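Take a look at the structure below.
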Amino acid sequence: ALSVRRAALLPPPGAPGDPAGQELPVESRPFASYGSVLLVSLPRPLRAGQLLTLEVDYEVGEGPGVCWLAPEQTAGKQKPYMYTQGQAVLNRSFFPGFDTPSVKCTYSATVKVPEGFTAVMSATSWEKQKDNTFVFKMSQPIPSYLIALAVGDIVSADVGPRSRVWAEPCLIEAAKKEYDGVIEEFLTVGEKLFGPYVWGRYDILFMPPSFPFGGMENPCLTFVTPCLLAGDRSLVDVIIHEISHSWFGNLVTNATWGEFWLNEGFTMYAQRRISTEVYGSAYTCLEAATGRALLRQHMDNTGEDHPLNKLRVVIEPGVNPDDTYNETPYEKGYCFVSYLAHLVGDQSKFDAFLQAYVNQFKFQSITADDALGFFLEYFPELKEKGVDSIPGFEFDRWLNTPGWPPYLPDLSPGEQLMKPAEELAELWAADSLNMEAIEAVDIMAWRTYQLVYFLDRVLQKSPLPEGNVERLSKMYPKISKAQNAELRLRWCQIVLRNNLEAEYSKVKDFLHSQGKQKYTLPLYRAMWGGSEAARALAMETFSATAPQLHVNVQNYVKKILGLAGA
């Protein structure tokens, strides 16, 4: 994807010498399916700590990390769009560099775009100059995967003292309405819990519908799916997750992708701490229960003892780290951080530890041994007690043994919201429906995660007895006609599990409306595991939507559908 035209060693600033520099021999050597080695031969050996300026002239076209969208793949359908997605190892197709999370650096960029387009980057400063040229600087050191660029017909609106939303013009009003005022609240709580927010601004860019992720925590400018514009602020927890990365992941970073839980497990814990402060523990426990159900589903799919179901994943040479992505580092990681908090036994003491941890390792890349070593040093009384080797809960077992988490945090504060949802699902799974009991439950007041929990239970009990799903669909248009993506996903899964062909169009419409990986892949798996009609729906939908999907997602779907070349 990236071709190098020339490399040169430039004279040190202010020194005499040809400003074009001394041209150097360059060669490309094989490395793995996901990149190659760029070898630049220097004229003489260097001393440790010597600074040099190397200029590499290169060109990039279609690459896995650089996404070029045709106008029809955008929300406005008028102008093309481009964006980059670096995590985990894709930025090597955007610029030559040390593409590993173990190295951090500052960066600057000058980006010239055509008239009528705007460029934005993950940078602490942003300046528009003449000739539609934008200049960016990131003054804090970051790992390569967090460098991001987007160019399109995008405009912005302020939603807080240090925050604005960016989106295509047709989405900007909805974005402003959904996020006005809330971001600052989350940032303030985050700072109170984890220490200063060091990135200056926190802006959000609403991406075109084909963006494959819920969010990408690019510093200063989180990229998010437009699915978050639910119209009722019901999906803001994704934003809380990305904000939490400002401390865990972006400030303190996993040194290798095999210990991704250091980014995601800590971030899930931080997200749920912020959510508890803002929304209370009942709601947060309900959201965490939904996460636990996803982990259960994942482990049932792969088998508990699958090697990916460890917190410390051995990524063999040649294996693409992107292919190891799954729920484990998020939800099992969350359980491990919760276990550490449980060992401490006092929330305010553990909060203080997290602040000290961030302060100790900020702007560094660390291993699990660094993190756990610091934990034991911070709590010498726990170290003395040997908490790292309690039988069944050994730190070593958490890291290196696949399977279900040895410790699960108590989610009982969520019972008051879960119990009614569980009871209602029971009623709908009965052979003869007790309509009186069903009608006595008013779900209009339920928040999104309570409805999600209910639908997860219905899905677990599916296929339901004959005719029940049709009645459920009629009775709750709030669910079967929902615009909220989390509800649409579950409803589509229920339609497929119950083979409700009358509503297949809802599956098709949902897959046409967005290309998020976490929504797209489960639905193709469900279709492919279903009836002949469901398989036909999968093939028809994929052939119509493939061009609007991210290349990684296209390949994963091809794998599910057994299409050649995957």
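The backbone N, Cα and C atoms fix where each Cβ goes, and this holds for glycine too.
Feature annotation from TrEMBL assigns active site, proton acceptor to Glu242. The Cβ of Glu242 (active site, proton acceptor) has 24 neighbouring Cβ atoms from other residues within 10 Å, across all protein chains displayed.
The feature active site, proton donor is assigned by TrEMBL to Tyr330. Applying an 8 A CB threshold to same-chain residues 6+ apart, the list for Tyr330 (active site, proton donor) reads Trp261, Glu264, Gly265, Met268, Gly291, Leu295.
What TrEMBL lists as peptide binding site is Gln85, Gly86, Gln87, Pro212, Phe213, Gly214, Gly215, Met216, Glu217, Lys516, Gln517, Lys518. Residues within less than 8 Å, Cβ to Cβ, of Gly215 (peptide binding site) and separated from it by at least 6 positions along the same chain comprise Thr222, Phe223, Val224, Thr225, Leu228, Val238, Ile239, His241, Glu242.
The Zn(2+) binding site annotation in TrEMBL covers His241, His245, Glu264. Within 10 Å of the C-beta of His241 (Zn(2+) binding site) we count 22 further C-beta atoms, all protein chains included.
Residues or ranges marked as domain 'Peptidase M1 leukotriene A4 hydrolase/aminopeptidase C-terminal' by TrEMBL: 416-561.
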Check your understanding: If one measures from the C-alpha of Gln87 (peptide binding site) to the C-alpha of His245 (Zn(2+) binding site), what distance in angstrom results, rounded to a whole number?
Key -> 13
Point to revise | Cβ atoms near His245 (Zn(2+) binding site) (within 10 Å, other residues, all chains) | key: 24
Review point. By DSSP, how many residues in the domain 'Peptidase M1 leukotriene A4 hydrolase/aminopeptidase C-terminal' (416-561) are helix, how many strand, and how many coil?
Key: 112 helix, 0 strand, 34 coil
Check your understanding: Name the residues of the same chain, 6+ apart in sequence, whose Cβ is under 8 Å from the Cβ of Glu217 (peptide binding site)?
Key -> Leu146, Glu242, His245, Ser246, Gly249, Asn250
Check your understanding: Taking the Cβ of Phe213 (peptide binding site) as reference, which residues of that chain separated by at least 6 in sequence fall under 8 Å from it?
Key -> Gln85, Phe223, Thr225, Lys516, Gln517, Lys518
Check your understanding: Ranking the binding-site residues Gln85, Gln87, Gln517 by other Cβ atoms within 10 Å, which is at the bottom?
Key -> Gln517
